[in-house]
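Trainee: Positions annotated as signal peptide by Swiss-Prot: 1-23. What Swiss-Prot lists as N-linked glycosylation site is Asn210, Asn288, Asn422, Asn465, Asn532, Asn720, and the listing cites sequence analysis.
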Amino acid sequence: MHSIKLVLLVLLIISFHSQTVSKHHPTIDGLLDRLDSLLPTSSVQESAAKGLLQRLLPTHSQSFELRIISKDACGGTSCFVIENYDGPGRIGPEILIKGTTGVEIASGLHWYLKYKCNAHVSWDKTGGIQVASVPQPGHLPRIDSKRIFIRRPVPWNYYQNVVTSSYSYVWWGWERWEREIDWMALQGINLPLAFTGQEAIWQKVFKRFNISKEDLDDYFGGPAFLAWARMGNLHAWGGPLSKNWLDDQLLLQKQILSRMLKFGMTPVLPSFSGNVPSALRKIYPEANITRLDNWNTVDGDSRWCCTYLLNPSDPLFIEIGEAFIKQQTEEYGEITNIYNCDTFNENTPPTSEPEYISSLGAAVYKAMSKGNKNAVWLMQGWLFSSDSKFWKPPQLKALLHSVPFGKMIVLDLYAEVKPIWNKSAQFYGTPYIWCMLHNFGGNIEMYGALDSISSGPVDARVSKNSTMVGVGMCMEGIEQNPVVYELTSEMAFRDEKVDVQKWLKSYARRRYMKENHQIEAAWEILYHTVYNCTDGIADHNTDFIVKLPDWDPSSSVQDDLKQKDSYMISTGPYETKRRVLFQDKTADLPKAHLWYSTKEVIQALKLFLEAGDDLSRSLTYRYDMVDLTRQVLSKLANQVYTEAVTAFVKKDIGSLGQLSEKFLELIKDMDVLLASDDNCLLGTWLESAKKLAKNGDERKQYEWNARTQVTMWYDSNDVNQSKLHDYANKFWSGLLEDYYLPRARLYFNEMLKSLRDKKIFKVEKWRREWIMMSHKWQQSSSEVYPVKAKGDALAISRHLLSKYFP
């Protein structure tokens, strides 16, 4: 295992700036020492770990002795140690867990519960916690060897994406946040993003620059769209923010930070990226402020389009950036040195001149360092992938080398699919964190690349001249695919690749509380299918039920059915394949993402259901069973849609009628299926939004935000739907029945009418109707959707399997 000292030596050798260490060019060692100095006392961290144990296993609160140890006891880095407790008497602690921070203690506890007690921890919405397998106090499994010693091969385990706060956390109160921070500690996360409540800080800062509340009403986005307002993609959409919201979120942030710190985590706070209210132009007419281009509005509506960016080279940028950092310190205390800033994310500099780019980067960092002399810039590396035509090696080097060595850390955001580290000479000497992106928009889709997750961090760390300093998870939305996140978290403690096949057997046994051969066989299939995506395609869920294609079937005619430019689809329940042919043209038939054999996954579902009588009491089993049934049926619906469009092109009105009814029936059946699990309900999302409201106006606004984000997302007009519609689609009961079903019905009715009347399909008419339907649904507040499941999930899944795959 490579030690941190070796990594640091390599960092020094390849440093662009200097081959010697000085107080002006600190190494990662120096940064870690300074961050350690900000941590609370050992007793505080031990108390936090004991509190977690009490919440997780209240019956075993006296069964474990938890202690903080120094890094020297771990060879100079972070670690946890699990030993048998050999105290006097037979009553009291049985297991001793030691760690360098509260996070390491929690990680050690989790490791022991997983690998000695077959326990399992996942998000509540993915089945929750399974600790029934833990033996009673006095009978805990002993450690066979002298001890279990696990040392971090890299110092950091990073967590969150800048948009997770909107897709997943937006409606959370402290009770839910407490469970999340516990989950984070158990997974070993020690470098989490902490973006909640920053609008209250900005209000105080901008007040010093004569920006009024009314100006900020046009600047802040609504609760469900704050992430994109913060990035300068939009303004005012879904707003304004009430005083209640600002005050409550700031209070919540202080609770979040307090708990993170007690565990020994280092929170990453926001910094100034240059995004400013439009009113600043009038107050500072000489300032170098640029209006940005349209970001995804349908017609450039100035009410929310085209935000303003203060150029980093302007002295006002430094002044505002310094004020923001200092205001956070005043509110929260000296709790971190690491700040996130993504000035250039989806915001290409006006020139590719390396000197200019270097000057911009230096200015961004100067604003941070004026506010905190020890500031370190944490930057998402998404721009190097999404805008690779601009960010060539000269531009990349110019930005990465614009700050002192050791003062920037890059997130290799999409490393499990499109790593940058191996194409950029390890970010030209800049420390980076290997990250898994995995999820977009909080979509619900069984998907992953487990082999890449097992091997990627290890390959990066042991590669020549490695500058890797962490493993991270940067999903846009959480509470899906728990297997992916458990493995990724574990890789922060693994110095070698994991045998995924063996690991999954252990995972299944832990997750369902017992060994079951059908389940093991099912997971073997899932490992090689849904969790083995290697096509390099970003998995935005494009299943046609939740993202009905805005496609004009009249654009394809019978003559287009040629073998040229064709593709394969798997048709219906017949578990065979036939060729459906469409010529590649501008209005080509939409294709949902499919990277595996549907036949094999149907077999995995059969195995899952065979195990149902043995595992039906397990909430984790029920969640996975419902999710797998949904996955199978959604892919079948994609095939049915394709066959329906083919029937339309062939003017086969009889087949079109039958296939369209089958598609609609699938939506209804899937709604019933999803209604049988508490974790798949629209009502939970809507009610959590309304629960935060303090009055009727807020209640209406928050519900509109919640409804809009998961459907139309952004602005539209009478004839043009939002460019981001269905980006955050969800397979939730209630949403299928009341939104996706009527939309699909409108679409197929227009197709049938077109054939009956022998007229061209009027795509504009259908668009107008479904946009009107969507607006009405978004603005509605009369329906109250269930927050509790109904129906027997196992019986429903078995019925649907026999119905569609007899």
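Our numbering is plain: 1 for the first residue shown, then up by one each step along the chain.
Cβ coordinates are placed from backbone N, Cα and C, and glycine is handled just like the others.
Buried or exposed, and what's around them? Tell me for each listed feature.
Mentor: Around the Cβ of Asn210 (N-linked glycosylation site), the same chain contributes Ile283, each under 8 angstroms and 6 or more positions distant in sequence.
The Cβ of Asn288 (N-linked glycosylation site) lies under 8 Å from the Cβ of Leu310, Asn311, Ser313, Asp314, each of which sits 6+ residues away along the same chain. DSSP assigns Asn288 (N-linked glycosylation site) to coil in the three-state reduction, outside any helix or strand.
Under the three-state DSSP scheme, Asn422 (N-linked glycosylation site) falls in the helix class. For Asn422 (N-linked glycosylation site), the same-chain residues lying six or more positions away in sequence with a CB closer than 8 A to its CB are Ala460, Ser463.
Around Asn532 (N-linked glycosylation site), a 10 Å sphere centred on its CB holds 16 further CB atoms from the protein chains shown.
Packing around Asn720 (N-linked glycosylation site) is summarised by its Cβ count: 16 other Cβ atoms lie within 10 angstroms of its Cβ, all protein chains included.
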Trainee: Return only the integer: C-alpha distance in Å from Asn532 (N-linked glycosylation site) to Asn465 (N-linked glycosylation site).
Mentor: 29
Trainee: Write down the Cα-Cα distance for Asn465 (N-linked glycosylation site) and Asn720 (N-linked glycosylation site), rounded and given in Å.
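Mentor: Distance between the two Cα atoms comes out at 51 Å.
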Trainee: Test of understanding: give the count of other CB atoms lying within 10 angstroms of the CB of Asn465 (N-linked glycosylation site).
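Mentor: For Asn465 (N-linked glycosylation site), the count of other Cβ atoms within 10 Å is 11.
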Trainee: Would you mind pulling the DSSP three-state label for Asn720 (N-linked glycosylation site)?
Mentor: coil
